[in-house]
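Database features (TrEMBL):
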type	residues	note
REPEAT	28-73	repeat 'Hemopexin'
REPEAT	74-119	repeat 'Hemopexin'
REPEAT	120-169	repeat 'Hemopexin'
REPEAT	170-226	repeat 'Hemopexin'
Amino acid sequence: MSLDVNVTLGTFGLSIAPGDNTFNLCENTTIDAAFYFKDGKLYVFKGAHYWVVVNDKLESGYPKLAKEKWNGLPSKIDTAFSYKNDELFFFKGPVYWKYVATKLEPGYPKLINDGFPGIPDDIQAASVWGKNGFIYFFKDNRYWRYEPNREPPVRSAYPKAISDGWDGIPNDLDAMVLSKGDTTKGVTYFVKGKEYWRFDDEKLKVFYDQNYAPYPRQTGPWWFGCSKLPDP
Ligand SMILES: [Ca+2]
């Protein structure tokens, strides 16, 4: 490991157990779930922990245990997204939890089948989409569009192939992240493994500009502020 990486990790180093890479996001940047909350911060989940990202850098003092902020939340969630106002939805296996900010609503967890009819268990990624306010769920090579105010909420045309609706986005996603803020309006992010794709909501394709680094890009240096390893 380079000296640079050690220095960066030192800012949130006290809670890192030696040899336990699950605590060290920069050593293995794969994630379970991520969303922007209305505070403008990116919340990243992995295992039992979460990190907060501001200005493309991990905040100091993290990781923290997710269940200490969201009472009742299990570790290793499948996906999560923020919804209207303060609402947060977390999914794992056949069930989901709804919080208002950090307060668990009564009656949760509930079955996905009851609360989101037409949506399968074991979702890999999900988020509201900025362009229409509908909720999109991803699993394997398919996606479902959920319209909360329609009956039934999922039209018969779904599921569809990810490649049909989201040009350039891979199968088996880890997270879909709705961007926040004026500078990134019209942008949706998709995460798989250690990489992310920046999707143009208007052109319905992955951003490409020959003057800039292409997508996918590495989440480590671009999102989490992890130091780049020096060339040998
Ligand atoms: Ca996931």
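Backbone N, Cα and C atoms are what each Cβ position is placed from, and that goes for glycine too.
Unlike curated records, TrEMBL annotations are generated automatically.
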>> Please count the residues of the repeat 'Hemopexin' (74-119) that DSSP assigns to helix (H, G, I), strand (E, B) and coil.
In response: 4 helix, 20 strand, 22 coil
>> Just to be sure I understand, if DSSP states are collapsed into helix, strand and coil, how many residues of the repeat 'Hemopexin' (120-169) fall in each?
In response: 4 helix, 17 strand, 29 coil
